[in-house]
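Swiss-Prot has this to say about the protein:
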BINDING   8, 9, 10, 11, 12, 13, 84, 85, 86, 108, 109, 110, 111  NAD(+) binding site
ACT_SITE  141  active site, proton donor/acceptor
BINDING   142, 151, 152  (S)-2,3,4,5-tetrahydrodipicolinate binding site
ACT_SITE  145  active site, proton donor
């Protein structure tokens with residue numbers, strides 16, 4: 001049995017993860033970490049420093065500002081940390097990269113199987129289409145999401161950029177009077193209602209448009225992905241920065 005400590009256990013995703021964990025025979029949430037605790041089937045600690053029990057994997061699905069406290073705990077325990085939060089700064093990402101040299105860390109901007117398959121497809125199709133097609137990314141989320149563009153949109157955009165040999169640049173939204181440049185990758189964010197998460201990658205050519213689309217129907221898809229990452233990381237002891245590609249066996 002893999003024992004999980006869930007940071008952000010009382011948030012929207014934390015509640016869904018707690019519910020979905022009961023479907024995994026080899027996983028158990030033994031404790032949670034949350035500043036605003038409510039009654040659960042497991043004990044809740046307000047900060048990582050307060051945690052006083054043993055665990056196998058630390059799962060974070062909260063906010064980016066929790067990162068340093070979680071890394072400090074991981075440095076003490078040497079247990080794997082699964083990072084599912086988004087909205088990290090470049091400094092945060094550099095810190096994760098640095099700590100992964102000595103700690104087993106996992107990070108993904110999106111925990112769904114579908115998004116990660118699309119990301120894998122982009123590595124293959126982008127070099128074939130770029131040059132004859134303009135590339136734009138549109139992401140849609142609920143009106144409570146604080147980071148923009150979404151971590152997933154950034155993930156997809158980075159994959160596209162890394163797949164192109166030429167110099168490209170990101171353009172976030174469009175306004176005013178200016179013609180689109182050939183080397184642009186457009187990224188657009190929409191916030192409204194209760195949209196769980198929609199992502200469209202558009203390759204617009206002359207006479208045709210190719211789209212890769214993903215629509216999350218419920219948060220359960222992210223919860224299951226996070227728990228599968230815990231299954232995988234529960235078997236890992238070597239330092240490194242692991243991703244969903246490792247979990248689902250995608251080779252780059």
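Including glycine, each Cβ sits where the backbone N, Cα and C put it.
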For the (S)-2,3,4,5-tetrahydrodipicolinate site built from 142, 151, 152, further residues of that chain with CB within 8 A of the site's CB center:
86, 109, 110, 139, 141, 145, 147, 150, 153, 197
Consider the recorded positions 141, 142, 145, 151, 152 and say which one has the Cα lying nearest the Cα of residue 8 (NAD(+) binding site).
145
Considering Cα atoms only, can you say which of 142, 145, 152 is the nearest neighbour of residue 109 (NAD(+) binding site) among these recorded positions?
152
If you count, for each of the binding-site residues 8, 151, the other Cβ atoms lying within 10 Å of its Cβ, which residue has the minimum?
151
Including all protein chains shown, what's the count of other C-beta atoms within 10 A of the C-beta of residue 152 ((S)-2,3,4,5-tetrahydrodipicolinate binding site)?
26
Rank aside, I only need the closest one: which of the recorded positions 141, 142, 145, 151 has its C-alpha nearest to that of residue 10 (NAD(+) binding site)?
145
C-beta crowding around residue 84 (NAD(+) binding site), within 10 angstroms:
25
